[in-house]
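These features come from Swiss-Prot:
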type	residues	note
BINDING	ARG41, GLY42, ASP98, ASP99, LEU100, THR101, ASP102, THR103, GLY104, LYS105, THR106	5-phospho-alpha-D-ribose 1-diphosphate binding site
BINDING	ASP99	Mg(2+) binding site
BINDING	ASP102, ILE145	guanine binding site
BINDING	ASP102, ILE145	xanthine binding site
BINDING	ASP102, THR103, GLY104, LYS105, THR106, TRP144, ILE145	GMP binding site
Amino acid sequence: MSLPDKAFPVSWDQFHRDARALAWRLAGLNQTFKAIVCITRGGLVPAAIISRELNIRLIETVCVASYHDYVNQGDMVLLKGIAPELMENGGETVLVVDDLTDTGKTAAQVRTMLPRAHFACVYAKPKGVPTVDTFITEVSQDTWIYFPWDMGFTYQEPIAKGAG
């Protein structure tokens, strides 16, 4: 599999630093979160880091699938919903965590379930920015982020070779 022109590979170390930066930003909100709802699968890793840093013990998942072929975003499929007790009061004490907001479709679907929750992600693309409350790094819409859990060691052509 060759990398697209605008590839953004993220190492484990970089992702850990960025997820901790997100935790710092969230801590600065002076808001008490009683639970994290992570959007799986991408939200699992940042949720683990953020839950440790903010001492949030209750972690729930919501399973929404949209990338069925790892390339193109397709129809949203809700595979697992959220525990009813976390949906009380619109989820006002809930922190929703994901790795990335791309088009914002996934966050928008989850926001219908938790309209008063705080939505946070590590990375954001312009179309997804309006659907989250807090993020760390914005990348262009046509950039493909390669997360460390999706990658092995691969060779990348130098940028200058593709500019020709």
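We number each residue from 1, going along the chain as drawn.
Placement of Cβ uses the backbone N, Cα and C atoms for every residue, glycine included.
Neighbour counts of Cβ atoms within 10 Å were compared for the binding-site residues THR103, THR106, and the top value is held by THR106. Here the Cα atom of ASP98 (5-phospho-alpha-D-ribose 1-diphosphate binding site) is found 12 Å from that of LYS105 (GMP binding site). Highest Cβ count within 10 Å among the binding-site residues LEU100, ILE145: LEU100. The two recorded residues LEU100 (5-phospho-alpha-D-ribose 1-diphosphate binding site) and ILE145 (guanine binding site) have their Cα atoms spaced 9 Å from each other. Across the fold, the C-alpha of ARG41 (5-phospho-alpha-D-ribose 1-diphosphate binding site) and the C-alpha of LYS105 (GMP binding site) stand 15 Å from each other. Put plainly, the binding-site residues ASP98, ASP99, ASP102 were compared by Cβ crowding within 10 Å, and the winner is ASP98. When every Cα pair among ASP102, THR103, GLY104, LYS105, THR106, TRP144, ILE145 is compared, the largest distance found for this GMP site is 17 Å. Note: the Cα of the residue listed as 'Mg(2+) binding site' and the Cα of ILE145 (guanine binding site) are spaced 10 Å from each other. Within the same chain, residues at least 6 positions away in sequence whose Cβ sits under 8 Å from that of GLY104 (5-phospho-alpha-D-ribose 1-diphosphate binding site) are LYS127, GLY128, VAL129, PRO130, THR131, VAL132. In the three-state DSSP reading, ARG41 (5-phospho-alpha-D-ribose 1-diphosphate binding site) counts as coil. Here the CA atom of TRP144 (GMP binding site) lies 10 Å from the CA atom of ASP102 (5-phospho-alpha-D-ribose 1-diphosphate binding site). In space, THR103 is the closest of the binding-site residues THR103, LYS105, THR106 to ILE145 (guanine binding site), judged by Cα positions.
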